[in-house]
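Chemist: Okay, handing you the structure first.
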Amino acid sequence: MISRTEKSPRRCRRLSESYDEKCERRHETRESLWRRNNVTTCRHVGQCRKKESEEQSQSPRQKEFLKRRNLATEEGKKQVRFPTGTPASPGQECATGTPKEASSWMDLRSPTSLQNNSTSMVHHKHPQHSLNDPRTQNNWHSCGVSSQNILPKDIAKLSRGTQTLTDSSAIKKNSSQQTDCGIAVLDKEIIQLSNYLKEALHRELLLKQKMVILQELLSTLLQASEKSWKGQLNEDKLKGKLRVLENQLHTCAQNYSKDSVKRILMEMEDQKQTYEQKAREALQKLLEEKLQAEQQLQNTQRTLAVTEDDCALWKEHYDTLKTEWNETATKHTELENKLYVLQNQLQWADTQNDQLRQTLCNLESEREDLYSRMEALQVDSQLRMEHVSAMEGKLQNEQKQKLALEATITRLHNQLQNQSKEQKAQEEVVVRKDQVLTMQIQPPSPVREKQDALLKHPDDEGEENLKDQVQKRTAQLIAKEKECADLRSELEALSDEYRSCMTKLRQCRDELNQFQSKQSERQCGHWIPLLMVVLAAAMATFLANFVP
């Protein structure tokens, strides 16, 4: 815990510090939190301490490894410091001891640069212990085995270094990471393991290169062994031949004497001379034959040049003929295709001609039917025209009768109006007489009443008769009007039928005219495809009989 007295100078320092210093300070606080003793109920304190003591204890092999590299192994919590900018080698990292050491001088923010520097330090600082030395390999192996006990299952990221102040008296712990099992692993050990892995990979690469070189040497050794074996066999064969020849010489020297040898030599010299003469003669013959052969060769070369020229000409002629033949073949195929097409067109034209004939027959039959229908329609139209003329005459008569009836009706209306006027005048006269009579107060005589009744009664009967006549005439007029409307509707229907028949007749005439014109055109153009087919067949026969 940080006391309250330390807060005021820290606040002043925080105001003046830069961004990098803030990052470093925050990183230090995080690492201090990571380094604290993570003791929970699920972990036993005894087991953690045992593990720490096991990690702190060094094996004798590791001590020997550090001795060979001239490093002092100090027991307890001691620090091995190096100059800034040069990270420790893997062997020196093994010798640093406990996992709770402080690494204030080491900048671990760039792990890749640290690893590269560590590998370069290993190679440059200890050249006497190369990778091929078995002692160094054993030492590296022992150090790697001792560090395998601390290897975590899942490492999230590499550590980052801390920068401690020189005046701070408190010793800070090394940064560590916690695995899933609850084991805290130091970042220094992770870097150490990464360096070991890099060196192991380097060793594997060197071993692979050596294996390739050894394989090449083995192949060359096998080839050399095969060659030496064959040479020894050839030597043995030659030695056997030499021994056989020596034995033959020895037997010849024992069997033949000096005189016999001289005779044999003389005979051999004679044979040599004869052979030389024969060889000279043969050489002369060969020279003569050689000269003849050279002359023949020159002649043949000349003839060959001539024949080559002829061959070139014949090749050109052959190429031209080949091209012409290819062109003729293509033309032949094109003409055959055209012939097939024309045959198909001819078949199609024949089928179309048959169809057209059938359609012509059907059209002729339809034409005859149309002519017959036209004649029947003409007869019907004449009859209807006569009927229409008769109906028009009837209409005119009816209209005349209607006009007459209207005139009679108007006359009767006028008569009725006149009679009504007269009746009104008579009534006025009767009223006046009644008034006069009432004034005289005389009783009416029965004779007068009868006369008045007789005067009134004939007027009523005439009115009734006139009304009956008017009603009859109006009924007759209504019936005549209905007949006129029916006749007009019949006339309109007949006129529509007549017009439709006339349009059908015109259409039939137009179709007949078109069909006759098309038939004449087809009769003219029917021979064109036949002529094309005949020409194609003639060309095909000509090309088939043509011999280049």
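Using N, Cα and C of the backbone, Cβ positions are placed for all residues, glycine too.
TrEMBL entries are annotated by machine, without manual review.
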Chemist: Taking 178-219, 346-387, 388-429 as the choices, which stretch does TrEMBL tie to coiled coil?
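Modeler: Result: 388-429 is the stretch TrEMBL calls coiled coil.
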Chemist: Which of these ranges is annotated coiled coil in TrEMBL: 127-161, 477-511?
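Modeler: In TrEMBL, the coiled coil feature sits at 477-511.
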Chemist: Counting only residues 6+ away from its ends, which parts of the chain sit with a Cβ under 8 Å from the coiled coil (477-511)?
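Modeler: Non-local partners: 363, 366-367, 370, 374, 377, 381, 384, 387-388, 391, 394-395, 398-399, 401-402, 405-406.
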